[in-house]
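J.: Structure provided below as C-alpha cells; questions to follow.
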Amino acid sequence: MFAAAVVCWLGAVAALQVQIGVVEQQPMLAQQLAVSAETALLELRDEPRVKVAPVEPEEPLALAAHLCALAEEGVAAVLTGGTARSARLLAAAAARAGVPLLLADSAPKNHTWEVLALYPDNRVLAQACADLCKEKGWKRAVFLHAGEAEVAALIAPDAEPLALVVRHLPPPDDAALLRNLMLVLKKLSVTNFIVWCDAECSLRVLDVAQRVGLLSDRHSYIMLSLDLHTQPLADYSHGGANITALRLFEPQSKDVQHMMTLWERQYGARLGDEASLAGPERSVPTALPLAYQASSLVAKALRALNLPPGAPASCQVGLGAFHADTLLNYLRSEEWTSGSGMGGELSWEVDGWRHEVQLQVAELARGGWLEPAGLWAPRVGVTWQRPDEPRNSMPDYSMTNRTFTFLIARIKPYIMRQESTLRLAGNAQYEGFCIELIEKLAAMLKFNYTFVEQEDGEYGIYNNTLGKWTGMLGRLIEDKDIDFAITDLTITSEREKAVDFTTPFMNLGISILFGTPEPAPPKLFAFMLPFSNAVWICLGFAYLGTSLVLYVVGRLCHEEWQNPYPCIEDPPALENQFTLANALWFNLGAVLLQGSEIAPVAYGTRAVASVWWLFALVITSSYTANLATLLASKSSTDLIHNVEELANNNLGIKYGAKKGGSTYNFFKNSQNPTYHKMYEQMSKEPMPLSNEIGIKKVENEKYAFLMESTSIEYETERNCKVQKVGGLLDRKGYGIAMKKDSSYRQELNLALLNLQEAGVLREMMHTWWMEKNGGGACKEDETRENQELRIKNFLGLFVVLVVGCVLGVLVSCCDLAWAARRQRGPSESFWQRFWTELRFVFRFEQSVKPLQGPLIPDSPVSQQSEGAEECRTEREETGSERARAAPRTSSAARRRSSMHAASLRIARHTTRDSTTPH
C-alpha cells in the first residue's frame, strides 16, 4: 500500500511539470516570450520547461506545422504574439490540435474556441476612447486608423454628439502622402485627433504632425496603441499638445518592477548576456507581461485541476489533447486576479474575449515620459488621478521644443523650390536665404517648424472697404495655425500697426533696375583717347618748342660745329649737325622710341636731349598704359543715371513698382515732389503683379522697374541684360512678421543680433547672392578704371622740360663765350667776338662756320667749295682711285653715309683739342 501511494504521488508531481510552447515568426520576440513564461514558472516554483519552435522569419505557412509539432510533444499551451495573419493561421492549427493558444496580441475576428485572447478586445478600446472623448468634451475629432474603419462606429455611435472625420493612414513607406493628409486636416482647422494603429505608426503620425504644425498647445491626441510607451517620445513632449495614451500596466508599480527584474535575470541566463531593455520606462512591450500572466494562469490551473497524464494531441489524425477542453473551460470560468498595475482581473467572455479590463490612462510629460493620469474601467469609465489638467512648465516666451508654422512666399533668392532628381516633400522642398535663416534660428532656439506656402505670393495690403488685410499679412492675422511669416517682407509703419516684426535681418533701400545699354561703336580717332585735347595741343607745342631750342642750342655750342671733311685738318669752314630738320627728326625719334643717327656732342645739346628723352619716356609710358584699356572699354550710353533723370525723362521711358508692395507705397506716401510726381505717373499705368513680371518688362521694353536694392543685386549677378542705376532712394529692412504682441519676439530678436554680430548673415548673403544658383555670371574683371589724363597730370613734366631747355641754353651760351676767346682779328675785343659769334648763331641760313677769316663772310658757298677742292687735291696726291672723282659740292657732302659721318664726328670729338686752331 505504501509503495502504491508513493507511485501515485510521483505520478502527480510529474503531471504538474508544465510545458509551454512558443511559436513566433520574430526570433527576438520568441525568446522574450519564452523568458516571460520561464519567469512565471520559476515564480511558482515549477521547473521552467518552455520550448521555442524554430520558426524561420517570413515563413507564416510553416507556423501550423510547428504548433502541431509542439502539441505532439505534450505542451499544455502555446504562446504567440505575432501579426493578425499569423494569429489566424495558428488559431486554425490550434483548433485541429486541440491545444490552447495564448494570444498576446490582437485576436482575429471569429477566432476558434481554443484561442485565449490576452489582449483587450477592440470593443473595449473603443469604449475607453469614447469615454475619454466625453471627459475631454470633444465635439469633433479626426479618426486616423490603419485597419478597418468599422471601429469608428463604436467610438461615436449615432446617439453620441461626437462627430468623427475618418481617414485611413497611408502605407508606412509613403511619408509624402501622410504629410499631405495632415496638411489637408490642418486646413480643416481640426484640433482633436484619435490615432488607432501600432506604436511605430503612431510615432510616424506624431512626427508628421509636428512638422506641419499640428502639435501645438491647442491640439489634443488620443493614442490607442498599448505600446506607445516603447517609442522615443521626447521630441514631441515640448510642443504643448496634450497626448493621452492607454496601457495595460503601470511600469513603475512594484509588481511590474519585480516581474521585470526576474525577467531580465532569466533573459541574461538564457542568452548568456545580461540583457536590459533600454529607453523610457524600460520600454517593456505589452506582450511580455501578458505572456507572464498567461503562463502563470496555465500553471495555476493545472495545479488546481490536478489532472492525470493524458494522451498528447495529433494533427495528422485530428486528435486533440486529452485535457485541453478541461483546461480551457477552467481558465474561462474563473476570474483571475493580477498584481497591482497589471491590468486588473483576467476574465473572458464566452467567445474568448477579455472583459473587465482595467486600463491605465497616461499623458505625455516633458522629457518623453508617460505620466499616470487616471484609470479606466468598463462600468466606471475614466477616473482622473491628477488634480488639474497637465500644465506646461515652460515659460510662455520660450520657443524651445515647440512647433511653429512659417508662412512663406517664393521669391529668389529668399525662398525657392529646391531642384532635385528626388521627390521632395515638406520642408525639404524649399531652399534659400530665409530657409537657411530659419534653420539657424531653430538650431539656436531649439524649436521645430514647418513651412506653408502662400500660393498667390501676395504680401498683402490693407483693404479700406473690407477693413482688413489681404495676402500673407491677412492670413497671419486671421489664421490661428500660422505663427510667423517670412520672405522679403519690408518693415513699414502701416504693417507695424497690424503685426509685429523682429529686428531687421537685412538692410536695404529702393533702387532702379534698367536695361543694360548696347555698347557704343568705337571712335574713329580712338587712339587719341588716352590724352585730352589740351594735352595733345601742349604736347605739340612742347615738341616744336624743344626742337627749336635744340636747334638754337646746337648752334650755340661750338662742339657741334664740326669739320665736314676729315681729310683736311684745317678746313675753311665747319658744319652743324643740328639743323632745324635734324632737330625735329631727333625729337620725333625719341618720342617714337626709334632713335636717329644724330648724336649730340656738346654738353648743352646733351642737356636738352636728356630732358626731352625723360619727357618722351613718361609721355610714351602713360600713353601706352592708358591706350589698351581705353580702347577696350565701352563708352557709356546710359539713358538715365539717377531718379531725377528718370522722373523728368523725355525719352519715352516708363517706370513702375510691384503692385501693392512697400516700394509702391513708398512713392504713394512720399512728400518729396519728385517721388510724388512719379507716383502720379505710376498710378496711371498698370503695375506689375510681381518682381518677375517687372524684370521681364525691363528686358523687353523701355522700362525702369523700382525695387529693393538686394533683389536688384541678385538679379544683376545673373542677368546681364539688366543693371542697377543710381543710388538708394530710402533705407529700410526685412523682418520676420508675427502676430501682434507675440511673446516670441524678444527671443527672435536676440538670436538675430547674435547671428549679425557673428557675421553669419553677411556670409549667408554672399553665398546666396554671389555663389549659388549662377551667381557671378555677370561679374566684370576687377581692373582699375583708367580715366582720361588731363594737363594737370603732366604739369610737373612740362616744368622739367622747360627748366632743362633753359639750362641747355645757359650752358650753350657759356660754351659760346668760351669759344669767343679765339681772336679772328687783331683789333677785336672779347665782347666784339662774342657778339659776332652770337650774330652768327642767329643767321639760320648759314650752316657752315669758317675757321679762318671773318666769321660772317660774303660768300659762304665759295668757302665750302674751296675746302672741297683742297680735299680733292690731297686725295689725288695720295694716288687714290677716288681722286678721279668729280669735285663734291656741299649738297653731295650732306648726302654721305650716316654711319660714316657719325664715326668721323666721334673721331673729331676725341681730338678736338689738338685740331682746334688758336
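Glycine residues also receive a Cβ, built from the backbone N, Cα and C atoms like all the rest.
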J.: Pick from 100-121, 122-143, 298-319, 584-605: which stretch is listed in TrEMBL under transmembrane segment?
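T.: Result: 584-605 is the stretch TrEMBL calls transmembrane segment.
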J.: Pick from Cys720, Cys814, Cys871: the cysteine that TrEMBL pairs with Cys778 in a disulfide bond.
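T.: Matching partner in the record: Cys720.
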J.: Given Cys68 (disulfide bond) and Ile640 (site 'Crucial to convey clamshell closure to channel opening'), what distance in Å do their CA atoms have, once rounded to a whole number?
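T.: Cα of Cys68 (disulfide bond) to Cα of Ile640 (site 'Crucial to convey clamshell closure to channel opening') measures 95 Å after rounding.
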J.: Could you give the Cα-Cα distance between Cys720 (disulfide bond) and Cys315 (disulfide bond), in whole Å?
T.: 84
J.: Just name the most isolated of the recorded positions Cys68, Cys315, Ile640, Cys720, Cys778, going by other Cβ atoms within 10 Å of its Cβ.
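T.: Result for the recorded positions Cys68, Cys315, Ile640, Cys720, Cys778: minimum number of other Cβ atoms within 10 Å at Cys720.
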J.: Count the residues of the domain 'Ionotropic glutamate receptor L-glutamate and glycine-binding' (413-478) that DSSP assigns to helix (H, G, I), to strand (E, B) and to coil, and report the three numbers in that order.
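T.: The counts are 25 helix, 15 strand, 26 coil.
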J.: Calculate the distance in Å between the alpha carbons (Cα) of Cys778 (disulfide bond) and Ile640 (site 'Crucial to convey clamshell closure to channel opening'), and round it to a whole number.
T.: 21
